[in-house]
Amino acid sequence: MARATNLNAAPSAGASGPPDSLPSTLAPPSPGSPAALPRASTPCGLSGFSGLNIRSTSSMLTKPLQGHPSPPVTPTQPPGGKDRAAFEAEYRLGPLLGKGGFGTVFAGHRVTDRRQVAIKVISRNRVLGWSTVSDSVTCPLEVALLWKVGEGNGHPGVIRLLDWFETPEGFMLVLERPMPAQDLFDYITEKGPLGESCSRSFFTQVVAAVQHCHARGVVHRDIKDENILIDLCRGSIKLIDFGSGALLHDEPYTDFDGTRVYSPPEWISRHQYHALPATVWSLGVLLYDMVCGDIPFERDQEILEAELHFPAHVSPDCCALIRRCLAPKPCSRPSLEEILLDPWMQSPAEEKPINSSKGSPTPLPWSLLP
């Protein structure tokens, strides 16, 4: 399938040129955006959308990079966004990494130690939600959510907001940038279906990252392969792009800015959903994508029917977990804790060979097994 797009993000026709909110004095030369790699010729079945989907904004920081992993740095969120002069003194903007409906992402580095970062630039008129962080300081909701999940030591599986700045035109979010790294969409596109040991490792880390977010009162609402960043040196993952996220609550949500092919049937049929079962549904789609090499559903009717077909190489235990996560009724889906206790998660089985046109996945350069 083609790379999917957030429902309400107006895709850009291209990634060249500076963003609307970035002053020309800061705009670097624009090399253009890396092309999205389609997995199949059939476009995603998004209602009211046709043509090839463009990758989501924050996943642009996942362009494969060369270099050595950077040491962890504690995020430093000021009570209010600093201004343009402070940004120019503290950071240098690098090449354009990509452009999407909610903003533009550049490479960059911090002046003091040349630490590589990603700089997400958001136009003020494209901010969908606002929040108050402290002392009545108003900021984009995405900043507040990243702050909440990054407070204290944060979590190794969640991207860190290092800094943020406010200009008359919009906002600049400075995010950590593991190097070298690749998003899970590109990784699967390159490797084909992943082995179950690799999938189990990635999936366990994603579930743990989601648990951390929920413990901090944040629901991501756009869990998908494009928003999973793989540190290619360590074999660890990070959950990125909180632009569709929200504060976690028990009441049903009636808005959704995530990716439709990962959305649950209750949203398709009733335009409402609860955070926890909807999250588990998207995790089921993600796990299917990892072990099968593509997502299970492309059109609304397929989501509603939830009919699953598995290649022969996928083990019965893995199939069973995916079926549990993709149960049509929200009340029938497991909790995050129950997912981690599932037999497939607890008892790795010997894998069957994968017959793929791309060949079996290349052995990873890091230890994934307990």
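Here the Cβ of each residue, glycine as well, is placed from N, Cα and C on the backbone.
The region 'Disordered' feature in Swiss-Prot is assigned to 1-42 (among others).
Residues annotated as compositional bias 'Low complexity' in Swiss-Prot: 1-25.
Taken from Swiss-Prot, the feature region 'Disordered' covers 61-83 (among others).
Residues annotated as compositional bias 'Pro residues' in Swiss-Prot: 69-78.
Look at Swiss-Prot and you will find 91-345 tagged as domain 'Protein kinase'.
Look at Swiss-Prot and you will find Leu97, Gly98, Lys99, Gly100, Gly101, Phe102, Gly103, Thr104, Val105, Lys120 tagged as ATP binding site. Annotation note: Leu97 (ATP binding site) sits in a strand segment as assigned by DSSP.
Annotation source Swiss-Prot lists active site, proton acceptor at Asp222, citing sequence analysis.
Look at Swiss-Prot and you will find 349-370 (among others) tagged as region 'Disordered'.
On the backbone, the CA of Asp222 (active site, proton acceptor) and the CA of Gly103 (ATP binding site) stand 16 Å apart. Model confidence over the domain 'Protein kinase' (91-345) is summarised by a mean pLDDT of 95.
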